[in-house]
């Protein structure tokens, strides 16, 4: 096949959704001025946008397969935090040049994750410019259910999925490695942490499963403390957290030790785990619902009444611990 | 007010949709993991994405008010070409630095055009990086009506709105001006053409009005020949165009002369006028419907049966004219 370099041929060669079986709710996909989609009468839409920019969110030599995966995953994570079922995405891809090997790898990985979550690519824009990927993801919500940030109430238990801090630790390892001239072999634990950074798993089914029982939820993209703060602010409450309950992976502890691991867990970004709150009366139902989901979750604290001076209090056992001076990921 | 420079404060300061009266179909706007929106049972969604990148789609010294206007307008134009009523947009804004004066001007203009078309900002992402704006726009369609590219049939008349070529001529003038050292005053006609380039008017109401009668439509972003070709390809037909019917503005002719004006009209991009086709039996109804819209439209030719060798034939009066060797805007 002659390889053409214009926008239309890039879309045709690498992002041709028409060769795939479309979702039933996609009436018209790529190839017209707009896509046309449908939702059922008892559904609402959840819509989110996330951009990844070279040099800010990823290194310029990132494997395009990892990049495509992550660009989709971070958007699906927002849908998961809302309790939505992923449905369609639009891809705005800005590329410095047409690199066919790069595009082939990127698009293969891109459709792999879309297929895994039964999501259709319905449109987008391919332009020349500094490498960046902006995705708008659309999910479906039952009309009466959504996991918002503003529903946490005093007494609710605070949970997180999976383990925290792995992604930030993985990023630190990648940065270390780039600073070295020699190509040292990675331990299994190090490989695990880097994988957690490059391939975060959006908690899609989990989010949908807890939606009827949780009072609030957010995905942890900027670090536990920063993201939990969003729930607390929007719900006008405070929280107490038990440091010794933080779910830390054995790999994280093995590579960095407990103290550093805790810091990563509290302040490290890009875990893409869910943090959610549940009223005491709903905990038993929630646990029953989650039996078959296969994702660990841990109660790490409890919602308290509003406290203007101290939004989050930390304890280790019965002992109070000072809040580390951390902030979520800020790139400006 | 203390001016903070992180992402959250930029959104709060400049893109705070919560101070505005939201549309009734927006259940939850900016400030959570996703926006939540609703559509009526008899509606479908039209979704489109367009990106503008510095140095490719606009000069780096563009007035941020013009940039905000155009970034929204080009997306609304895609909705118009589908016959959709604009509803919500997501904004992915990538900025090299936090320039408060720039952001204030950009966001004021941004909300001005949104308010004009009754569109709500429902979310997005603000990141650091080379300046670019990616917008995903959502429109509402009656369940049984949409203006697609694939419906043109032999015998249908081909129409365009407004006048063609002004925008490309305006861009040429801007480029000329940048090449000059002196700041020569612009004539009224030149100012008009530049305005047509910087502030294209999306044919939103027009698109909705023709939707019941037109057989196909597209907005002219890459030039008449390139965009009409998309309709012809998707509809498996060809077209004959009458050069002497091309709607050329007096300003375009005054500044560039008829011959150059025709070239701009045929091949110049970014007019954001609509090109649409109508079956003969629907023309009278269409004209009645358009009486009150106040946008000019012109019949410029007719759809012919498929012709693999010649998709578009040009005539001036009865005389055949060779197709100029032009292509739509290609930035790779």
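For all residues, glycine too, the Cβ spot is worked out from N, Cα and C.
Copied from TrEMBL, the annotated features are:
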DOMAIN    B:31-140  domain 'PurM-like N-terminal'
BINDING   B:33, B:78, B:219  Mg(2+) 3 binding site
BINDING   B:33, B:48, B:78  Mg(2+) 4 binding site
BINDING   B:49, B:50, B:125  Mg(2+) 1 binding site
BINDING   B:50, B:78  Mg(2+) 2 binding site
BINDING   B:57, B:270, B:329  substrate binding site
BINDING   B:124, B:125, B:149, B:221  ATP binding site
DOMAIN    B:154-307  domain 'PurM-like C-terminal'
BINDING   B:222  Mg(2+) 5 binding site
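Known features from TrEMBL, placed on the structure.
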| residue | record | DSSP class |
| --- | --- | --- |
| B:33 | Mg(2+) 3 binding site | coil |
| B:48 | Mg(2+) 4 binding site | strand |
| B:78 | Mg(2+) 3 binding site | helix |
| B:124 | ATP binding site | strand |
| B:219 | Mg(2+) 3 binding site | strand |
| B:270 | substrate binding site | coil |
Notebook entry, point to check: Chain A sits near which of the binding-site residues B:125, B:221, B:222, B:270, counting only a Cβ gap under 8 Å?
Noted result: B:125
Margin query: Is it possible to get the count of other C-beta atoms within 10 angstroms of the C-beta of residue B:48 (Mg(2+) 4 binding site)?
Written below: 29
Check: For residue B:78 (Mg(2+) 3 binding site), which of these binding-site residues sit within 10 Å, Cα to Cα: B:57, B:125, B:149, B:221?
Finding: B:221
Item checked: Within the predicted model, mean pLDDT of the domain 'PurM-like N-terminal' (B:31-140) -> 94
Next item on the list: Just give me the nearest neighbour of residue B:270 (substrate binding site) among the binding-site residues B:124, B:149, B:219, B:221, Cα to Cα.
Entry: B:221
Note to self: Please report the Cα separation of residue B:125 (Mg(2+) 1 binding site) and the residue listed as 'Mg(2+) 5 binding site' in Å, rounded to an integer.
What the structure shows: 28
Next item on the list: Around the Cβ of residue B:33 (Mg(2+) 3 binding site), how many other Cβ atoms lie within 10 Å? Please give the count over every shown protein chain.
Entry: 28
Next item on the list: Measuring CB to CB from residue B:57 (substrate binding site), give everything in the same chain under 8 Å that is also at least six residues away in sequence.
Entry: B:51
Checklist line | Distance [Cα-Cα, Å, rounded] between residue B:219 (Mg(2+) 3 binding site) and residue B:149 (ATP binding site) | finding: 10
Next item on the list: Given the binding-site residues B:33, B:49, B:50, state which is nearest to residue B:124 (ATP binding site) when distance is taken between Cα atoms.
Entry: B:33
Note to self: Neighbour count first, Cβ atoms within 10 Å, every protein chain included; then name which of B:49, B:221 tops the list of binding-site residues.
What the structure shows: B:49
Next item on the list: Work out how many Å separate residue B:49 (Mg(2+) 1 binding site) and residue B:222 (Mg(2+) 5 binding site) at their Cα atoms, rounded off.
Entry: 16
Note to self: With every protein chain in view, what's the tally of Cβ atoms within 10 Å of the Cβ of residue B:50 (Mg(2+) 1 binding site), excluding that atom itself?
What the structure shows: 25
Next item on the list: Inside 10 Å of the Cβ of residue B:222 (Mg(2+) 5 binding site), count up the other Cβ atoms and send me the figure.
Entry: 22
Notebook entry, point to check: How many whole Å apart are the CA atoms of residue B:48 (Mg(2+) 4 binding site) and residue B:221 (ATP binding site)?
Noted result: 14
Check: What's the CA to CA span in angstrom from residue B:222 (Mg(2+) 5 binding site) over to residue B:50 (Mg(2+) 1 binding site)?
Finding: 13
Item checked: residue B:125 (Mg(2+) 1 binding site) CB neighbourhood, other CB atoms within 10 A -> 24
